[in-house]
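First comes the structure, then the notes that go with it.
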Amino acid sequence: MSTATATSVKLTAEQESENARINAENERLRKQARTKHTISLTLSYIALVLVTFLMVFPLIIVVIVSFTPNAVTQTWPPKVIPSAWTLDNYTSLFSRLPIGRELLNTIVFAGAVTIISVFFDSLAAYGLSRVDFKGRGILLAVLIATMMIPGMALLIPVYKLLGSMGLVNSYLGIIIPRMADVGGIFLLRQFFISIPKDLDNAARIDGAGEFRIFAQIILPNAVPAILTVGMFNFMGNWNDLLWPLIMTSKPETRTITAGLAMLTGHGSSVTPYGVVMAGALISALPLLIVFFFVQKRFVEGIAMTGMK
């Protein structure tokens with residue numbers, strides 16, 4: 001009996017020792033996992049801070065230079081923080097350029113192109129995603145293939161065509177060539193495909209036509225994608241320099257980006273960087289305001305379209 005008891009005690013001691021070893025190993029693994037997680041999280045935050053800094057730094061420089069005297073902006077080495085601050089760049093900007101008129105022109109150009117382009121893009125996307133017809137795949141392939149044609153190759157032919165129509169230096173001249181966008185068509189088509197066709201069939205049973213289905217079924221369900229395409233259109237056309245610069249030579253139709261480009265020429269060997277940066281900051285403010293109000297839907301549209 002004593003031998004059995006001794007054996008039992010020995011086994012119990014060995015089991016407790018094994019359990020202790022296992023617990024110690026598990027604790028070591030947990031500590032190792034926590035350490036790895038902490039290191040990974042720290043590196044992620046460091047990378048996030050660096051990326052944020054790299055993206056925000058140019059905007060910080062724009063703000064600083066816009067309040068820096070022009071004489072200081074020409075010095076070398078450049079001063080990150082100037083010893084004196086001034087509003088002369090802004091007063092000089094408003095005296096050199098009709099900023100109010102150019103902002104209005106930019107709003108008309110970017111706003112009109114965005115509204116018209118989103119309308120036509122959504123119509124084309126509806127036809128390519130919801131209507132069955134022969135050659136639909138070929139038509140889509142041709143549209144996508146046009147994206148490989150460099151835009152620069154079309155500038156002169158389009159300019160000559162619009163010039164022959166008397167549309168140079170006019171709103172129509174800068175708006176008409178931008179009234180549709182293949183990228184927007186493709187993005188909206190991908191989103192429309194994800195909307196169940198049972199909704200279309202139910203609407204047809206109730207007597208709805210194609211346009212009613214498009215307006216009352218598809219568009220309400222595609223608001224995030226439409227806002228995303230619209231935001232891309234608005235930002236792209238607001239910041240566009242080359243096309244308005246080519247098509248407009250008068251302040252009555254010139255956009256703010258084309259106007260700022262005028263500050264770097266006119267026979268002067270010194271570019272007024274402070275004035276240019278002041279104009280760039282004023283030009284960026286409307287975009288920041290628009291993005292602030294639609295950022296939630298904008299991000300949602302990109303995420304949802306990517307998942308489709």
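Please read every residue number as a count from 1 along the shown chain.
Glycine too: its Cβ is placed from the backbone N, Cα and C atoms.
Residues or ranges marked as region 'Disordered' in TrEMBL: 1-21. TrEMBL lists 1-10 with the feature compositional bias 'Polar residues'. Sequence annotations record features per position, and here TrEMBL assigns transmembrane segment to 38-67, 103-126, 138-159, 171-192, 213-235, 273-294. The domain 'ABC transmembrane type-1' feature in TrEMBL is assigned to 103-294.
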| request: State the residues, same chain only, that lie 6 or more residues beyond the ends of the transmembrane segment (38-67) and have a CB under 8 A from a CB inside it; answer 'none' if no residue qualifies. | output: 73, 80-82, 85-87, 89-90, 273-274, 277-278, 280-281, 284
| remark: Counting Cβ pairs closer than 8 Å to the transmembrane segment (171-192), the top stretch among 103-126, 138-159, 213-235, 273-294 is 103-126
